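K.L.:
Quick one: the structure is below, questions incoming.
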Amino acid sequence: MEIGQYQPNLDGDGLRIGIVQARFNEPVCNGLADSCIEELERLGVTGEDVLLVTVPGALEIPLALQKLAESAQFDALIALGAVIRGETYHFELVSNESGAGITRIGLDFGIPVANAVLTTENDEQAVARMTEKGRDAARVAVEMANLAVALEQLGGDDDEEEDEEEEA
């Protein structure tokens, strides 16, 4: 049996990408942002189509993502941050709450959100992962933005027909 299959599309030409970067653990977050932006450019996203905003920490990322999503100006969003375990329960709280908030934005607004908020045991693990995870976030955002467009087109002209029926 033959089945239809969508091939991943990493062409970023014409896509608008919003990035929210936490400033807490700034060297790691800057490394994530640098590699992410470099990869977006490699994928064809132009600098004028990228908006980078910074927030104090990982818990503030979801609100900034929400505001970007509400603007309807972006094809995909990217969350960048680093939560590094300390000696208290705060690590679990920040990791869980920021992750849940980031996921909720994508689902509530129907916009792809690439989550590259690192959660590591120590600084060394964060530094070791920042370049690769920044690149991964760029690829995820571009691929999912293109997939979202392709899947929206599956509905065809149903929306127009519904609008015409409502007007009649």
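Using N, Cα and C of the backbone, Cβ positions are placed for all residues, glycine too.
Marked as 5-amino-6-(D-ribitylamino)uracil binding site by Swiss-Prot: F24, A58, L59, E60, A82, V83, I84, N115. The (2S)-2-hydroxy-3-oxobutyl phosphate binding site feature in Swiss-Prot is assigned to E87, T88, R129; the stated evidence is sequence analysis. Summarising the annotation, Swiss-Prot assigns active site, proton donor to H90.
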K.L.:
Spatially speaking, which of the recorded positions E87, T88, H90, R129 is closest to L59 (5-amino-6-(D-ribitylamino)uracil binding site)? Use C-alpha to C-alpha, please.
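P.N.:
That would be H90, nearest by Cα distance.
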K.L.:
Inside 10 Å of the Cβ of A82 (5-amino-6-(D-ribitylamino)uracil binding site), count up the other Cβ atoms and send me the figure.
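P.N.:
Summing over all protein chains shown, A82 (5-amino-6-(D-ribitylamino)uracil binding site) has 28 other Cβ atoms within 10 Å.
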K.L.:
Rounded to the nearest angstrom, how far is the Cα of E60 (5-amino-6-(D-ribitylamino)uracil binding site) from the Cα of T88 ((2S)-2-hydroxy-3-oxobutyl phosphate binding site)?
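P.N.:
Here the two Cα atoms are 20 Å apart.
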K.L.:
Just checking, which of H90, R129 (recorded positions) has the fewest C-beta atoms within 10 Å of its C-beta?
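P.N.:
Counting other Cβ atoms within 10 Å of each of the recorded positions H90, R129, the minimum falls on H90.
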K.L.:
Nearest by CA distance to E60 (5-amino-6-(D-ribitylamino)uracil binding site): which of the recorded positions is it, out of E87, H90, R129?
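P.N.:
The smallest Cα gap between E60 (5-amino-6-(D-ribitylamino)uracil binding site) and any of the recorded positions is with H90.
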K.L.:
Specify the nearest of the recorded positions E87, H90, R129 to A58 (5-amino-6-(D-ribitylamino)uracil binding site), where nearness means the distance between Cα atoms.
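P.N.:
Result: the closest of the recorded positions to A58 (5-amino-6-(D-ribitylamino)uracil binding site) is H90.
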